[in-house]
Amino acid sequence: MPPSGLRLLPLLLPLLWLLMLTPGRPVAGLSTCKTIDMELVKRKRIEAIRGQILSKLRLASPPSQGDVPPGPLPEAILALYNSTRDRVAGESAETEPEPEADYYAKEVTRVLMVEYGNKIYDKMKSSSHSIYMFFNTSELREAVPEPVLLSRADVRLLRLKLKVEQHVELYQKYSNNSWRYLSNRLLAPSDSPEWLSFDVTGVVRQWLTRREEIEGFRLSAHCSCDSKDNTLQVDINGFSSGRRGDLATIHGMNRPFLLLMATPLERAQHLHSSRHRRALDTNYCFSSTEKNCCVRQLYIDFRKDLGWKWIHEPKGYHANFCLGPCPYIWSLDTQYSKVLALYNQHNPGASAAPCCVPQALEPLPIVYYVGRKPKVEQLSNMIVRSCKCS
């Protein structure tokens, strides 16, 4: 009787022959990084941010809300915060690489403000100081399915007439009925119509990541300390009633709207899948089925997600996180298998493959109270801008 090893030889020969025919075939997407549930990753990221903020401020626990004075922030503190935020945004814009998709044409869409007669406006107190503009986010998502596809967004208003010079300010509505300052404009007197435009790209991107059905802006007269009259003198088309027939139709078509410029989804997917991945750090995820290391968008609302009311500005921010496999080639004609075995022997608990980690991070300016004293601080490395395999 032949030895047992010889009896197994006929069974091993077909397997050896198959391996010889495919010596250089890669193991597709091979990675020892564990598959992670998306919701679990988000929850862990939120909890990590909770500890990160407290640690950076050297706080053992969130500050008490009992001593915080009611009312808006002091004007000097708000001005300091706005200038810090603008400086950070300016530095980010200088280092932002031009995406490949910017070379191609953008689809332009107009989303009209919800008509002024809608019951949504009944929730806002009538005021001679401000006007309100609300938008249906389902129409926004229909025009721009993914936040990363948005190239630019402007809110445009048709000013009909203005008898005196006036300083106006634009605010963004938050879910807790507070308002965040965005921009301002000094308007000169004029009897002829003129379109006013405000860049609200960041705000609309934020709306696209949230689940609110209605979002809005407020246009207000600047509240000057030395002025007793804070009435909004600007006549904006779309905010008066009583018009009939064709005049009402024209009036409604020219009401405030969002002008959106975005890369069509099918074009973005084509560009994303066809270009070489030598620079993973510049890629944002275009869908939930992304198969490469990329930046996943995650918006943190301080009140909703962390239960915090002590951070006064901002109300939230895009923290983001990195996720996705980092595939490598494992060929039978290389010595990599020997190195891998040696690595696993000395590091049994570590990942044998590169993992998706943050590469570029941005700071986050905040306003919070210590007792009754407001403070402006800049927290370093809070926003994930790009990722890499490491």
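A Cβ is built for glycine as well, from the same backbone N, Cα and C atoms used for every other residue.
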Of the listed cysteines Cys293, Cys294, which one does Swiss-Prot record as disulfide-linked to Cys356?
-> Cys293
Checking Swiss-Prot: of Cys285, Cys387, Cys389, the cysteine bonded to Cys326 via disulfide is Cys389
Disulfide partner of Cys387 per Swiss-Prot, picked from Cys285, Cys322, is Cys322
Integer Cα-Cα distance in angstrom, Cys387 (disulfide bond) to Cys326 (disulfide bond) | 11
Here the disulfide-bonded residues are Cys293, Cys326, Cys356, Cys387, Cys389; the one whose Cβ sees the most other Cβ atoms within 10 Å is Cys387
Just how many other Cβ atoms lie inside 10 Å of the Cβ on Asn82 (N-linked glycosylation site)?
-> 17
Among the recorded positions Asn82, Asn136, Cys294, Cys322, Cys389, whose Cα is within 10 A of the Cα of Cys356 (disulfide bond)?
-> Cys294, Cys322, Cys389
So which recorded positions out of Asn82, Asn136, Cys293, Cys294 end up within 10 angstroms of Cys322 (disulfide bond), measuring C-alpha to C-alpha?
-> Cys293, Cys294
